[in-house]
Amino acid sequence: MASRSAFILFCVLFLATEETLASVFSSRMIHRFSDEGRASIRTLSSSESLPEKQSLEYYRLLAKSDFRRQRMNLGAKFQSLVPYEGSKTISSGNDFGWLHYTWIDIGTPSVSFLVALDTGSDLLWIPCNCVQCAPLTSTYYSSLATKDLNEYNPSSSSTSKVFLCSHKLCDSASDCESPKEQCPYTVNYLSGNTSSSGLLVEDILHLTYNTNNRLMNGSSSVKARVVIGCGKKQSGDYLDGVAPDGLMGLGPAEISVPSFLSKAGLMRNSFSLCFDEEDSGRIYFGDMGPSIQQSTPFLQLENKYSGYIVGVEACCIGNSCLKQTSFTTFIDSGQSFTYLPEEIYRKVALEIDRHINATSKSFEGVSWEYCYESSVEPKVPAIKLKFSHNNTFVIHKPLFVFQQSQGLVQFCLPISPSGQEGIGSIGQNYMRGYRMVFDRENMKLRWSASKCQEDKTEPPQASPGSTSSPYPLPTEEQQSRGHAVSPAIAGKTPSKTPSSSSSSRSSCILSSMMRLFNSLLLLHWVVSLM
């Protein structure tokens, strides 16, 4: 609210002669130095007078007062956007494919779904009018709570809308006989014969703001319109207990949930995932991460961001870096485990094996090549992935213990060859212990060590927005933009052409004011990120 008020206030100050003003938000405006606004300024003593209007001191005081007001309204902590039932994610081990899940609410009346979190794909899909879906009763899954999984029916939701083939985001438009048909979809995943297919619909995703690590009351609920895959038919792993109640694609494409939320002005164009060692974690939409964190840029494939891909300069085991081990890799929470290019995989595996004093052994149903059995789990050096500018992602526990019984520990190196030259995939298992920030504004991966407990991490920083009514899907104009604009600086200022009667002094003052405005706006933006 403070960001919007500051933006509108400056626009009124400098562009008051304009008949119209383009802005994403609207609110009641009180001039900082109006009679009503003077009461909010506390920097002047009773003996002091206000600076002369339009003087530099005048605008400095205005900015200082406004920044302080923002701090009072927002405090030192900012809001983040989370699923309506909270930020917590859960993992139920092998019963659900070692992935992380969160409950989300969709439609009107809302229905809850336990969806897998996947940064390696883009579409949010849920079982819907099922022709071929996984079982949805809780008794079928031994580690699931008593809450049954649900099936979505668009006709039962008053806010559901048909998503037509004519829409820009319908990738399957070429398969439609008419642009007025409902858009079909098919998503194929890396696991063999695993897919989801059906029809696209538009409906409400229920979210809420999380302030100071506490869920807000019902008045802060956010109803965001998103595109949803009505998944009529699933195959492969989706019929065997992996994502039986749907999957939330968090990728960079325009059809993903983060894209809709950011383009609607609900959040900063970023989100974070955090996975701890106890099979739980957190998800925050709008999170830019703590002030101290490491980062590396995302890479493009064929001149576009088709996934969260980063470049690894070298793989190191402990303090020893292996030669010729540079590669590119996806950061993919939808992959349970990690894959490396064949040659690099072999170098890393042999170096880890050299530090393990245990009996090599193969286990039924386990496809990993380097597995062992011992009386104790050995201590091995960390795997370090070196990025540019000396940033390093450290995997402190590279081994995976899957069974301990009768005094014996059975464990493996949970890495496999990717089958693709020079391309790997960092899976969810090696993200544990980190707060992984997918900064889509600056196209960077950021990370910092975290226990994924809300009371022990800095609160995510996000720009709060108006949430009184459902947000529409992005317009064609919004869809054409490369990235969303932060609500703090959103809006397009109309160009101003001075009239012929304007004096040169007025033009000079306007130019100086605009430069000051830009400087203050930049300063405000920097302060908001602190």
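Cβ coordinates come from backbone N, Cα and C, glycine included.
Predicted automatically and left uncurated, TrEMBL annotations should be read as such.
As the structure is a computational prediction, the values presented were derived from the model and not from experiment.
Features reported for this protein in TrEMBL:
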ACT_SITE  Asp118  active site
ACT_SITE  Asp332  active site
COMPBIAS  495-504  compositional bias 'Low complexity'
DOMAIN    100-448  domain 'Peptidase A1'
REGION    449-504  region 'Disordered'
SIGNAL    1-22  signal peptide
Exercise. Near the Cβ of Asp118 (active site), how many other Cβ atoms are there if near means within 10 Å?
Worked result: 24
Exercise. Are there any residues in the same chain, six or more apart in sequence, whose C-beta is under 8 angstroms from the C-beta of Asp332 (active site), and if so which?
Worked result: Asp118, Thr119, Gly120, Gly307, Tyr308, Ser425, Ile426, Gly427, Gln428
For this session: Would you report the average pLDDT that the model assigns to the domain 'Peptidase A1' (100-448)?
Result: 92
